[in-house]
Structure formats: structure tokens, C-alpha cells
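Colleague: The compositional bias 'Low complexity' annotation in TrEMBL covers 29-46. Here TrEMBL flags 190-362, 481-759 as domain 'Amino acid permease/ SLC12A'. Residues or ranges marked as region 'Disordered' in TrEMBL: 1-98. The feature transmembrane segment is assigned by TrEMBL to 185-205, 211-233, 271-296, 317-336, 342-361, 475-495, 515-541, 620-638, 644-665, 677-694.
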Amino acid sequence: MHQRQRSPAKMASVRFMVTPTKIDDIPGLSDTSPDLSSRSSSRVRFSSRESVPETSHSEGMSDFSGVTTSAATVAGEPASDRTSNPRDVAEDVSQTSITGEQCQLLDPGRKKDIYLNNTSYEDGDEYFDKNLALFEEEMDTRPKVSSLLNRMANYTNLTQGAREHEEAENIAEGKKKPMKMPQMGTFMGVYLPCLQNIFGVILFLRLTWVVGTAGVLQAFAIVLICCCCTLLTAISMSAIATNGVVPAGGSYFMISRALGPEFGGAVGLCFYLGTTFAAAMYILGAIEIFLMYIAPEAAIFRSTDVLKESAAMLNNMRVYGSAFLVLMVLVVFVGVRYVNKFASLFLACVIVSILAIYAGAIKSSFAPPRFPVCMLGNRTLSGRHIDICAKTQELGNLTVPTRLWGLFCNSSKQLNATCDEYFAHNNVTSIPGIPGLASGIITENLWGSYLQKGEIIEKPSAHSVDVLGAMNPEYVLADITTSFTLLVGIFFPSVTGIMAGSNRSGDLKDAQKSIPIGTILAILTTSFVYLSNVVLFGACIEGVVLRDKFGDAVHGNLVVGTLSWPSPWVIVIGSFFSTCGAGLQSLTGAPRLLQAIAKDNIIPFLRVFGHSKANGEPTWALLLTAGIAELGILIASLDLVAPILSMFFLMCYLFVNLACALQTLLRTPNWRPRFRYYHWALSFVGMSICLALMFVSSWYYAIVAMVIAGMIYKYIEYQGAEKEWGDGIRGLSLSAARFALLRLEEGPPHTKNWRPQLLVLLKLDEDLHVKHPRLLTFASQLKAGKGLTIVGTVMVGNFLENYAEALAAEQTVKHLMEAERVKGFCQLVVAAKVREGISHLIQSCGLGGMKHNTVVMGWPNAWRQSEDARAWKTFIGTVRVTTAARLALLVAKNVAFYPGNAEPFAEGNIDVWWIVHDGGMLMLLPFLLKQHKVWRKCNIRIFTVAQLEDNSIQMKKDLATFLYHLRIEAEVEVVEMHDSDISAYTYERTLMMEQRSQMLRHMRLSKTERDREAQLVKDRNSMLRLTSIGSDEDEETETYQEKVQMTWTKDKYMAARGQKARTLEGMQDLLNMKPDQSNVRRMHTAVKLNEVIVNKSHEAKLVLLNMPGPPRNPAGDENYMEFLEVLTEGLERVLLVRGGWQRGHHHLFLEHPPAPTSPCHFIPLLPSCQAGGKGVCQNSVGAHLHRAQLPPLSTPTGQARGWYQRDGGIRPNRAGSQWGNPPKAGMGEISQGARHHAVPKLLCFLSLLSWCGRGGRAVGLWASYPRPLFWVQAAWLL
């Protein structure tokens, strides 16, 4: 293809880069790679640099993942001749998006085109592919398939620290090496490292003791259980490791990305502690080998007392262990490469030592080694201080006592001396310590012999006179009390280390193939070695020697060394070096594990340990690791450190199995492991074995480990780890949420399960900040309701144009929710009008059964001063929408004065004014508020209003009984409101209200009319034109701009003059108008109630009262606002409550009705579309008809008015004056066939559940007689 010519002269070097796309962004193809998920999303970026000489350094346009390509040259050098430095890509933080002008730097002759793509192209390619011209715009943010496949194929899973370490070493050597691709296979990369990590100090120092103490059968069971645990864990690990690209991170990465940051951090820290204590255990094992078998004379502390000898040994372990730890830390600090170079030597020591054991076992079948054991009766004697295993010896013709005689006869050399009673009655014999494979000793070693601390090791089959003798230091004693559970805890660390392959995944050529095969083969190999050694030890070595932990009976030799061939020193030297190497490996891996956890930033106080040296060495993490390992060394006992180590590794393996089982059971789309030989049941069995082993080995250590992990989990959860790794816990939450939502859809909640689900409506200012944050504070104080909280807000504009602003506003609200500790969700809607957005929120927020049933909003405080009617029309519109949706409504007035969460009241009252029954919300809200610390010390007072005909004393008793059954503690007071004449003040307030409303309607102008008015004022100073406009928001905001004519004509002047005259007449009418009587009555009610409320509750911390419903005629909206204002005057904090109908709190008080004794049944009526509604309820006993008064409803065909009929006569409802006139003639006809009989006066109260649209459709009604309650079916026809 044609190649564009570029001028190399004085041209800015522009690096053109497409950063890698997260593979998680591809639906169904997400994996568990941390590097892919941590890289930035795919965007076209550029960074300009000055031209540099060609001899400086080459800056490549293709990074380590094969992503970026060149779009310019450096000093005329072709892009294809240069390679990339990956650190340039990682450190390029000053990238900005390419603009159209900047694109011309790449090609000054290129023509601007809005459809031209800003993607990179390789040399020889056109700027955009003509075959993909349709997708030019997509290429700006999405790469081509070829680029994506190239990145994934060239993806490297080396960690950042490893990459920096290699580069630092190359720089230190003064040469630049090309990055080597991983070439290690299964054998060298996984199998052998796993062998080296699994075979450890326990095999050489404690396995013989485990076999001798537990017996061959129980020891075989211990080893088999532990090996099965690691095998099942390896199967689960293989499934997780082969589910996508395997990164270098080991078990921590697998657990954290499979179970989430909380579990990942908790188990990761436990795994880190386990690895650190493993270093302490290996160091203690190396010191034990050194002081016991290599150089016993090097001991600093010595004691001749047998009781104090163990304490001296512990002090020696502490001193030498600390010295070894410092030496190893220095080696790791100097360079990890030295540790890696000696890894092969350490591995060779392990293999040679194991081969020496098998060779010695085979040789013992025909030529057993000579290691005699001296026995006194059936008691084992230590061979360290005994030269001759006999009481006396023959020297010529003389019989002289031996050294053993002096040890048991008070150091006397006389044959007639008084000796120990047991020594005097039993013979001293010598038995072979290694009888050999053909001796049949295995039959004696099948069963265990558990000992108490200080108990003598005996041979049960040996002849002995059972007499009580003194405790002599020459006996071989048990140093600790043994049990099956203790042996499990001590042995389990010998099967750990199965994660070595996954830790080295960055060096593997094909990690998905090598890790499962290499790990499972290594476990099978080590399991065979352990199990076969259990049998060989039991078949070749004498039982008392097996139970002799430190080899005292065989002259202080390592017990397993006595069996080896050609020399015991092969085992001693090999085990010493292999143990030192394992300690170095632990001190190398543990700091990097801690650094990985710290870099994930899920535990804030560990952030300092994420820092490292220039070459990537985790210095601070290494120091902390050394400090923790020192604690293990100070314990100084291998048998006490091993169970601690077992706890942490068992917990880690438990969660690996849990992660695999969880992912398998969830069946998420991205769970597609390449390793097929797994099953959730196997993972569950492995998890159960891990949990059982934890409590079997040491139940108190298990509890401590779980408490530590639980504390870390809760700490991470409390800090709020903002990590999304696609983990299984999130998947489990999604599945559980889906299941729960589907269950909630089955029906409405029961009374006992009802709780307030809040939708909090917030208002944003011009800077996208929340105007009334105390509204969120109030919502957080209602959290005792344990319900859903949705915070909704509306932005005015176009969603496509205001998307960025919407995201910023949503983040602002979320931060405020976090600051106020509101647990819920944020929902932002971009709409053309605020009322439409609020309506959308009320209708669509929530999901399934988790939908809001209560709306919380603030009172528009400045509605009187605002000339814009939308200030209060939006409020009333929200009230109407909430009522139509059958939702409860909470309106907080003077919300700025509401207390913050840090401002608790020391005393005070919460006053509830119960005027009409709203379902019980008024009772529930103060109870919920009192659960919060702010309102906890306030008392609840409930006031209800009694009319002249009510018995106030009986009302107070009934109210107290009602609250008793509700289990709400509150003071009760009944306030009597007597009928009184309407005062002059009420008339005046009503008149002022109506005059103000009328005047504002004259003064409101649209934008076009204001422009015209400005033109009139400019041309004619004395002319004023007032135009009355509609109050609807749609009319106030016109969709087009009318052109204002600047020419003044005579006709326009005469029209303006006439308009002025009409306006003056309208103003005169305002002065002469009289208030409407219905408004006067409403104002009278508001004034009287306000007087009573202020008199009783002026000092209350919060006043809750019923909120009257909005008027059905929109013309009275402004009067409605004035009524509410008058009702709440003089009160500091007011919460207006309007209960819902179906979804209101009345569900808390209305149980399922009992079976009716005289049920009503449905009478079919012929469909008719009349002006009024017709509801018929027939009593089956007397066929008595009741026609219930129904409230007028706004329907598409007009306003429907209701009425009721009782005792055969049509009568208006008691509240008919509010609902309309009685029905006209022709509307009161009774269905044919209905009989009229006199029956007891029962009023069938009908409440409308849904209203009828066009076409005369019937809707359901429910009714309740005073006694009993029962459901009624009726029809309402339009």
C-alpha cells in the first residue's frame, strides 16, 4: 500500500498509543488476570516530546503487550525499526486525548473530516481501513480485533516488581538485555519447585517420631488425610488457575479474585503469617540439626540437670535462631538472585537424602546397620553417656562394675552397693535399633504408644519386673505429651508448599497446562514418599527408637539417618541445607506476598509495606517479616510452631476449595476452567477436611486464627474496599438477590415484614451540590426501619449532552451518602423538566418487590418570594404523583434546622398530631427515630383532636389501649376543638391569599412577552403591557423563540392602550373581591389547628402531623400551599406525613379478615358510561343495596362523582359537599331483580383501589363492615 511521506525536519515526536483494553470489558470473556484488569481502558492517547538524536535511546511504539504502534518518526527513524520500553508506557501519565488539530501533526496534509477515525496505523497502511469505514467512529475507543488478539497473545503475567527487578539488574550490569519470554516447562517450572517446598524439615526430624508414637496404621491415616487435603486443594487450585490467564500472585491472588477483597485480604494475611512462621519453623529445624547432630559442642547454654537441660536447649535455639534469621535476611536483602541460584543445590540435597533413605531400607533387608539400643528391662536407656551396655564387665578374672552401674548405684564402684530397685531387679540387654526390613518388627509397630510428658519410653514386648524405681536421667523420656490431634498439627506442614507452581506462573511457558499437571504429580509423588516411608520406618526401625525424638538411644544420631545408606551424614547434611534453603525461600516469598496485599490497597494501614527499592525489593515488608519470624523463633520449639503454621495454611486451603465450589455452583458465564477434572463435591470435601483438621489439630489455635481472619475481614469491609474483581462472593450476592427478588414478587409483604422503603428526593444547585444535605441526615436516622433507601435527583437537560455532568452529580451524591452513612442506592435522572424526572423516579425506582413505598422530600421554603410558579407547582405535582402511586409521603419543613448525626438531643419531645388515620405511619416514624442516638432521649407525645360530639375521655382510653397493643411507649393527650365563629383574622388571611394569587397570575410573563415588554418600555416610557398567562409549566417554557419586532406602529400602540385599560380594570376587581367560602373554612381549620399545635408543641424537637391532600382542581394549588404554610407557622421542625393507600403502613394494623357471616357478592351491571359512578353491594341475607359515596376522580372522560344509597333511598354522603352534588335523576336507578327490605343499619364503606378509564371498565372495591371485617366485590362503572 501507499506509504505517506513524512518530513523529518523539526517535527515534534508524537507518541501515538492505544492502551490495553480490559478483558473484563468483553462480555463473557473476563478472566482472573490482575494485570489486564488493572490497566486503563482502551483510549487513543498521545504525548508529544521534542525530537531527540537518533543515538540517544530508542522509544518504541509497541509496548510489552504488543498494543501501541507508531504514528510518527524520531529524527527520521522508521517506527518499525524501534522497540518499546514498557516502562515508558507505564510511566506516561501525561497523556491527553487527540484533537483534530493534533492529528494534523501526524499528517499536515490530511483533510479534516468529522468521520475520519483518530486511530493509529502502521507503516504502509492507510489512515483508516476502507473495509471498516463503517466503524471509523468506533475505532476511537475500541481496538480492532487484530490488535486485541495481538495483545492477548503477547500478554505477559510477570508482576510489576519482577519486571522492575530484572530491569534494575540489567542496568546495574551496564547492559540492556531484551526481555526474555518465559520458557520453563512443567518439570522444571512446577514439579521440582513443588517437590522442594513440600519436602521439608518434618520429613527428616519428626516423621519417624510420628510413626513410633501413633503406630503405622494411625500414622498412615494421618499422612493419608493430610495428603488428600492437599490433593483436593490442588484440584480446586488447578480449576481456578486455568480459568483465564494465570498471573504471578499465588494463592492470595486466586482467593482474592475468586472470593473478593474481604476474604482475599483476610486469607491473604493469614497465608502471609503462615509463610512467615514457616520461615521460623525451618530456621528452628536447621538449628536443631546443627546443635543436636552436627556440632553439639557449639551449645552456649548447658545443664547437667535433666529438668533444666530442655530449658537450656530452648535458649540455645533462640540465640542461634536469631543469628540465623539475621544472616538469612541479609542474604535476601542483598539479592534474590543468589537465593534462586542456590535453589537447585538445595533441591539436589532433598532428592539425594530421600534416595538415601530408600537405599538404606533396601540394604537393611539383608545387611541391617549396627545401631544397638541399651535396654534396662523394658525401659530405654540413653546411649549418650553409656559406653558399655551392661551392669558389669569381665576384666581378666575380675568382675568390675561399668559406668552404668555407677549411674544407678549412687556412683558407687562396689558390687554390693545399694542400687536403684528397678535396676536391681531387671537385666540390661542390647537390642538392634535397626532390625531391618525382613525382621518382622512392623507387627510390633502397628499400634500407637502415646506418652505423657516425662514418661519413660518402653518396649512393651520386653521382659520386665514391675517394681517402682527412681527416675534416672539416663532413661529416654518423652519431652511432650502426645496425642493423635497433636501429631496431625505437627505433621501437616510437611505437605504444604503446593502453591509453589502457581507462584512461579510468570516463568512458565504454558501455565494453564503446567500448573495442574505439575502440582498434582508433585503431590502424588510426595504422598507416595510419605506413605511408603511410614511403612518402611515401621518395618525397619525398632519402636523405642522411633519414639525417641532426638536419637538419644542410638548415641545421639538422627533416627532417619541411622537407616540411610551409605552414611547417616548424608541425611544430616542434606536435611540441614534443604532446611536452610526452605527458610530462604519463605523469607523471599512472604515479603512479596505482603507487598502484593499492600499494593491492592484493601488494608490501609499496610500501605507503607507496598513501597520497595528501585529494583523492586520490598524492604519494609522484609523487615516486618523478619520481626514476625523472630516471634516464632522465640517460641524455640518446632513442635509448638508447627501447629500455628498448620492453622494458617489450612485456612488458606479451605478458602481455595470454597472459591472453586462457589464458582462451580454459581455457574457464572466466565467460569470455564481448562482443567476439567474438578467437581464442586470434591471441593466441598476438601473444604470439610481442612475445617476438620483445623479443629482436630488444635481447636484453640483454630479459633484464634478464625478470629484474626474475621477481624481483618470486618476491617476491610468497614473501610469499604473499592475493588471489583468479579469475585464469587459478588456472584453469590447476585444470585441471592435474584432469588430473593423473585420470591418477593409472589405477593405483597406481610404485616410483620412491612418496613419503610425510602425514596429521598434531593435538589442540586448550579454547582451540582446537594442543596439540603440534612434531608439525607434525616433519612439515615430512619435506618432502624431496615428498609431500602434510594436517593434520587433530577438534572434538567438532555442526557446525551449532559452525561458527564450527570456522572459528576451522581458521584457527589454518593460521597454525601457515604459521609452521612446512608446505606442505599443513588439514582439520577436527566429529564427535560423536573416534574417529569421526579415522576419517572417515583414510577421506576426499585426492582420487583424491592420498590420504595415512601417518598421523602423537602418543603419549598421560598415559594412565596419566588416569582416562578414552578417552585411550588413541582412540589404539588410530586404530591399528586405520590398519591396516585399509593405511596406514603414525608415532607420535611425547615430541614436546615434538623439535627445532624453528631448533634444528639439531651431531652425533649417528639410530638405527633394524629388528626386523621393514615394507616399508622405517624405512629411508626417516631418509634424509628428514637432508635437513633440523636432522638433516643426524646419522649413521644401523641395528640389527637376531638370534636364536640366525641367523648374525649373514652378516646384517650382507647388511644392508650391502641398504643399498648402496638408496643409503643408514648404520652397520650386528647385536644378538644369546639366550634367557633370564623374570626376576622381568618377572613383577612384568606382574602390576602386570594388577592395575592390573582395578582401573581397577572404579573407572570413568558420570555417572549418580557422581550416585548422591554421593547414597549424602550419606545414608550409610559406604556405598560400586562398579559395574563396560564399557570402550567408547559406554557411558561415555550419551545420556540418568537422574533421580537423592533418597529412601533399605530395599531400596536392602540392594542397596548386597550390592554392597559383591561389591566387596570382587573386590578380594581382585585380590590373589590370577596373570599370564597370554602377557602374561608379551610383557612379557619388551618388557623385553629395551628393555634392548638403551637400552644402544645412550640418547644417540641420535632412535630409530626397529617398532611392534607392536594386539591382536585389545579386552580387551587397556590391556596393549598398557603393552607399548609398557615398550618405549620411558628414551628421549628415539622414533618408532614401523608400515608399511602395500598402500600402504606396500614398493612401493619390490618390483619387478614375473618370469614364473613353475611358476605356481599358481585351483582353484574350493564356497562354504561354515565357522568357518575355506580357502586352496588348486595347483602345476601336481605338483598339490601348500598350505594357508596365515591370521591370524584379525574378520568379521561371527565370527573366522576359518587353517591351512596341506603334503605332504598338515595342520599348524599356526609362529606358530599366536598365531593360534589347528589346524583341527578336517572343516576339512582336500581338493578332489576333487586329486592328492598329493611335490614340493620350497616354502612358499606367502599374505598377505591383503582380507577376506571375509558370504556366503562369495572374496577375492584373493598369494604369493611364495623363487625365483622370481610371483603366485598363490587363494580364501578363509568
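Placement of Cβ uses the backbone N, Cα and C atoms for every residue, glycine included.
Are these features on the surface or tucked inside, and what touches them?
Modeller: A Cβ distance under 8 Å defines the sequence-distant neighbours of the transmembrane segment (185-205), meaning residues of its chain 6+ beyond its ends; these are 281-282, 285-286, 288-289, 343, 346-347, 350-351, 353-354, 490-491, 493-498, 500-501, 504, 507-509, 513-515, 517-519, 521-523, 525-526, 529-530, 533, 558, 560, 571, 575, 578-579, 581-582, 585, 638, 642.
Beyond its flanks by at least six residues, the transmembrane segment (211-233) meets 442, 445-451, 482, 484, 487-488, 491-492, 494-496, 498, 520, 523-524, 526-527, 530-531, 534-535, 537-538, 541, 543-548, 650, 653, 656-657, 682-683, 685-686, 689-690, 693 of its own chain at Cβ-Cβ distances under 8 Å.
Below 8 angstroms of C-beta separation, residues 200-201, 204-205, 251-252, 255, 313, 316-317, 320-321, 324-325, 328, 493, 496, 550-551, 556-558, 561, 572-573, 575-576, 579-580, 582-583, 586-587, 589-590, 593-594, 597, 625, 628-633, 635-638, 641-642, 644-645, 647-649, 652, 708 of the same chain, each at least six residues beyond the ends of the transmembrane segment (271-296), sit close to that stretch.
Residues of the same chain lying 6 or more positions beyond the ends of the transmembrane segment (317-336) and with a Cβ under 8 Å from any Cβ of it are 165, 279-280, 283-284, 286-288, 290-291, 300-301, 580, 583-584, 587-588, 591, 617, 619, 622, 626, 629-630, 633-634, 636-637.
Within its own chain, the transmembrane segment (342-361) has Cβ neighbours under 8 Å at 192-193, 195-196, 199, 203-204, 369, 437, 529, 533, 536, 539-540, 560, 563-566, 570-571, 573-575, 577-578, 580-582, 584-585, counting only residues six or more beyond its boundaries.
Within the same chain, residues 201, 205-206, 273, 276-277, 279-281, 283-285, 288, 314-315, 317-318, 321-322, 325-326, 329, 332-333, 587, 590-592, 594-595, 598, 608-609, 611-612, 644 sit at least 6 positions outside the transmembrane segment (620-638) and bring their C-beta atoms closer than 8 Å to a C-beta of that stretch.
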Colleague: Do any residues, 6 or more residues outside the transmembrane segment (644-665), come within under 8 Å Cβ-to-Cβ of it, and if so which ones?
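Modeller: Hits for the transmembrane segment (644-665): 229-230, 232-233, 235-237, 239-240, 243, 251, 254-255, 258-259, 263, 267, 270-271, 273-274, 277-278, 281, 488-490, 492-493, 496, 632, 671, 678-680, 683-684, 686-687, 690-691, 693-694, 697-698, 701-702, 704-706, 709, 728-729, 731-732.
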Colleague: Grab the same-chain neighbours of the transmembrane segment (475-495) for me: Cβ-Cβ under 8 Å, and only residues 6 or more beyond its ends, written as numbers and ranges.
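Modeller: Sequence-distant neighbours of the transmembrane segment (475-495): 198-203, 206-207, 210, 213-214, 218-219, 222-223, 225-227, 229-230, 278, 281, 306, 310, 376, 379-382, 448, 450-457, 523, 526-527, 530, 544, 547-550, 552-553, 639, 642-643, 645-646, 649-650, 693, 696-698, 701.
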Colleague: What mean pLDDT does the predicted model reach across the domain 'Amino acid permease/ SLC12A' (190-362)?
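Modeller: Mean pLDDT, the domain 'Amino acid permease/ SLC12A' (190-362): 88.
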